[in-house]
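Engineer: Got a structure here, written out as structure tokens. Questions coming.
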Amino acid sequence: MAARSRTSRDRSAPAPDSAAGDASLHVALVMDGNGRWAQKRGLPRTLGHRAGVEALRRTVTAAPKLGVRWLTVFGFSTENWSRPAAEVQELMALPKRYFDSDLKRLEREGVRVRALGRREGLSPDLVALLEEAERRTADNDRFFLQIAFNYGGQADIADAARRLAEAVAEGRLDPASIDETAFAGALSTAGLPPLDLIVRPSGEQRLSNFLLWEAAYAELVFQDILWPDYDEASLAAAITAFRARDRRFGGAVSDDVLVAG
Ligand code: FPP
């Protein structure tokens with residue numbers, strides 16, 4: 001049975017318009033392999049990261065054509081701070097590199113940008129840049145691009161727990177009302193539809209602290225391509241693999257699968 005793109009759970013974001021067909025998937029991407037891509041060419045890692053920005057541009061253009069309406073990408077993890085200072089500096093410069101060339105087009109083409117993760121620890125200039133991208137695209141709803149930056153799944157869960165605990169301590173929240181829905185609403189991903197698919201290129205097969213809560217029923221696809229080489233065909237292959245999955249969300253195996261053995 002083909003994978004169902006919509007689950008029985010409600011999606012809080014708007015329904016796709018008719019022109020977008022069944023463009024309703026929420027896909028997350030770990031943009032991995034920039035360093036190895038550069039190394040293979042005898043280039044500094046910085047050039048791998050810059051080539052990674054080009055791959056992001058290609059992927060954002062390709063995604064809506066392939067039925068994706070929400071794309072969440074891992075730009076910088078809370079663990080990436082442990083990299084050499086010069087590399088951290090380069091990684092911090094990538095959002096500016098991307099938005100300088102692409103923000104006008106994203107704005108014009110109906111893409112809503114949202115930054116996920118902690119703002120604390122980022123420079124005021126970078127926070128202002130991310131907030132400007134969010135503000136300028138706030139009315140868009142054709143496609144949703146989430147950039148996880150200074151993001152860690154465990155940190156996001158800890159931050160959500162702290163926010164809920166503060167609300168309880170201040171008498172604004174009844175502890176009995178904290179359930180999965182309330183908890184999800186305190187995460188930096190609040191309001192996003194359930195995650196359908198996590199794709200990781202570069203041959204590594206782990207989540208690396210990306211979207212731990214949100215991954216609960218996401219399908220995982222790992223690909224042997226380095227991120228700077230990623231293109232429309234790569235994403236199409238990942239989505240083809242996803243569509244062949246039988247998503248049961250903990251429910252029973254369907255009769256046709258049982259009959260087929
Ligand atoms: C991991 O590859 C990649 C990163 C830490 C950075 C990814 C970011 C981008 C591709 C561009 C982001 C753009 C925006 C707008 C934020 P790696 O360097 O760890 O690769 P390796 O495993 O081969 O060393």
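For all residues, glycine too, the Cβ spot is worked out from N, Cα and C.
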Engineer: If TrEMBL is the reference, give me the range from 1-20, 41-60, 101-120 marked as region 'Disordered'.
Structural biologist: 1-20
Engineer: Sorry to bug you, but what's the C-alpha spacing from Asp32 (active site) to Leu207 (substrate binding site), rounded to the closest Å?
Structural biologist: 11
Engineer: Please list the binding-site residues from Thr78, Trp81, Arg200, Leu207, Glu219 whose Cβ falls under 6 Å of any atom in ligand 1.
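Structural biologist: Not one meets the Cβ criterion.
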Engineer: For Gly33 (substrate binding site), list the number of other Cβ atoms lying within 10 Å of its Cβ atom.
Structural biologist: 25
Engineer: Please give me the CB contact count at 10 A for Trp37 (substrate binding site), counting all chains in the structure.
Structural biologist: 24
Engineer: Can you check which residues sit near Trp81 (substrate binding site), meaning Cβ under 8 Å from its Cβ, same chain, 6 or more apart in sequence, and list them in order?
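Structural biologist: Val88, Gly121 - these are the non-local Cβ neighbours of Trp81 (substrate binding site), listed in sequence order.
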Engineer: For Asp32 (active site), write down the residues of its own chain that are at least 6 apart in sequence and whose Cβ falls under 8 Å from its Cβ; none is a fine answer.
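Structural biologist: Spatial neighbours, sequence-distant, of Asp32 (active site): Arg200, Pro201, Ser202, Glu204, Ser208, Leu226, Trp227.
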